[in-house]
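A quick write-up on the structure given underneath.
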Amino acid sequence: MESKPFSLPSQSATVLIGTQFGDEGKGKLVDYLSDQYDIVVRYQGGANAGHTICFDGKSVVLHLIPSGIFNEKCVCVIGNGVVIDPVALLEEIATVEALGYEVKGRLFISHNAHLIMPYHKRLDSLSESAQGDQKIGTTGRGIGPSYEDKFARKGIRVVDLLNAEVLQEKLRENLAQKNRLFTTIYDGEEIDVESMVREYEEFDKIIDPYITNTQLYLNRQLREGRTVLLEGAQGSLLDVDHGTYPFVTSSNPTSGGACTGSGIAPNHIGKVIGVCKAYMTRVGNGAFPTELFDETGEELGRVGHEFGATTGRKRRCGWIDLVAMRYAVAVNGITELALTKLDVLDGFEEIQVCNSYTLDGKEIFDFPTDHETLSRVKPVLTPMKGWMASNADARNFEEMRPAAKQFVEFLENELEVPVTFISVGPGRNETVFR
């Protein structure tokens, strides 16, 4: 029998991830790059992460639908690693359609993705309130409790919406347990089972056209030569395994999560693009070695409009931390960097960069992987001259201010990764490619 020739993986998939604590500006980059890809995939997280896209004088925040939806040639996929709030999803679909963009036929939802239910949101809020000083700083969107049910093998998946009997049985089983928690542990009220069954049976009629086996779909598309961009939510330092545990999210924003959350094998990944701000921010609690508590930190927040796209919470601001970023580069296998919000630094006479820490009086260069140690480090800051002018008109690297170029080159040399994309303003075209 004649043997078939081996076909090598295309390596036509790219992973785009945040290298910091989230809010790095991934939405702008995905929106820009979606012209170059056939499919954009969201692979983890839920409606706890907001991606802001600016175009045609509009500013739009998406939480679940991939940012590529505003490129009419692009197909968008919500992968199996995402936890989906059906109410939030339908609101987003309506928002996108109201802007004149077709969604049906361009958005596919994994049948294996888990659902966020009303009881998950209530548990999230009650559990966070009970933590007192040890609060994680969750968004209260039910993300953590939904992932808890997923890994406890009690979760309700998108595919369950298609079978009324299975849905009813799972809802009743889950609510029996959750109502006991509400009444005995939290001294609250029960959720009515029958009203929730009726509500979620209605979702089937609306969401059914979008549901598909996205693992099979994506692998078929790759075999046929399509290109795929995998879009992460949050940032590497919030990864449940590799982040500042326990002050982390409940999923894996790192590059490994792109494979498990989409069903695309690692040998299809050709590039891993790491997105980083020219400074750093963090929402919620947890160690933040370069955090600024003075007027400089306030100024970064004011100029950078640092308020959460999902919660509206004020973000904590600090200088860029290359110790943390070296760790993110290693954990993710980052092949190139995208630098965002460089324009926020336009008005600073001096900029600081953290290249090492001190711990108990000793200089260290490696990122501590336990939160207790990380909370005790002090940043060693290197001052750099600011450029005190806008780079918004620059469209290539040579047109940028000399001090701004020196800043970019310093980051490249220290991280040993090329910076190929520089955002010099909020607008879609205020971008420098190298």
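The backbone N, Cα and C atoms fix where each Cβ goes, glycine too.
Under the heading GTP binding site, Swiss-Prot lists 22-28, 50-52, ARG315, 341-343, 423-425. Sequence annotations record features per position, and here Swiss-Prot assigns IMP binding site to ASP23, GLU24, GLY25, LYS26, ASN48, ALA49, GLY50, HIS51, THR139, ARG153, GLN234, THR249, ARG313. The Mg(2+) binding site feature in Swiss-Prot is assigned to ASP23, GLY50; the stated evidence is sequence analysis. Feature annotation from Swiss-Prot assigns active site, proton acceptor to ASP23. What Swiss-Prot records for HIS51 is active site, proton donor, and it gives sequence analysis as the kind of evidence. Summarising the annotation, Swiss-Prot assigns substrate binding site to ALA309, THR310, THR311, GLY312, ARG313, LYS314, ARG315 and lists sequence analysis as the type of evidence.
Comparing Cα positions, LEU342 (GTP binding site) lies closest to ASP23 out of the binding-site residues ASP23, ASN48, LYS314, ARG315. It is LYS314, among the binding-site residues LYS28, LYS314, ARG315, whose Cβ has the fewest other Cβ atoms within 10 Å in the structure shown.
ASP23 (IMP binding site) has its Cα within 10 Å of the Cα of these binding-site residues: THR52, taken from THR52, GLY312, LYS314, VAL424.
Here GLN234 (IMP binding site) is compared against the binding-site residues GLY22, LYS28, THR52, LYS314, ARG315, and the shortest C-alpha distance is to GLY22. Reported as a whole number, the C-alpha separation between GLY312 (substrate binding site) and GLY22 (GTP binding site) equals 14 Å. Take the binding-site residues ASN48, THR52, GLN234: by the count of other Cβ atoms within 10 Å of each Cβ, the lowest one is THR52. Here nothing among the binding-site residues GLY22, THR52, VAL424 falls inside 10 Å of the CA of ARG313 (IMP binding site). Cα spacing between GLY22 (GTP binding site) and LYS314 (substrate binding site): 14 Å, rounded to the nearest whole number. A straight line from the CA of GLY25 (GTP binding site) to the CA of ARG315 (substrate binding site) spans 14 Å.
A straight line from the CA of VAL424 (GTP binding site) to the CA of ARG315 (substrate binding site) spans 21 Å. If you draw a 10 Å sphere around the CB of LEU342 (GTP binding site), it holds 24 other CB atoms from the protein chains shown.
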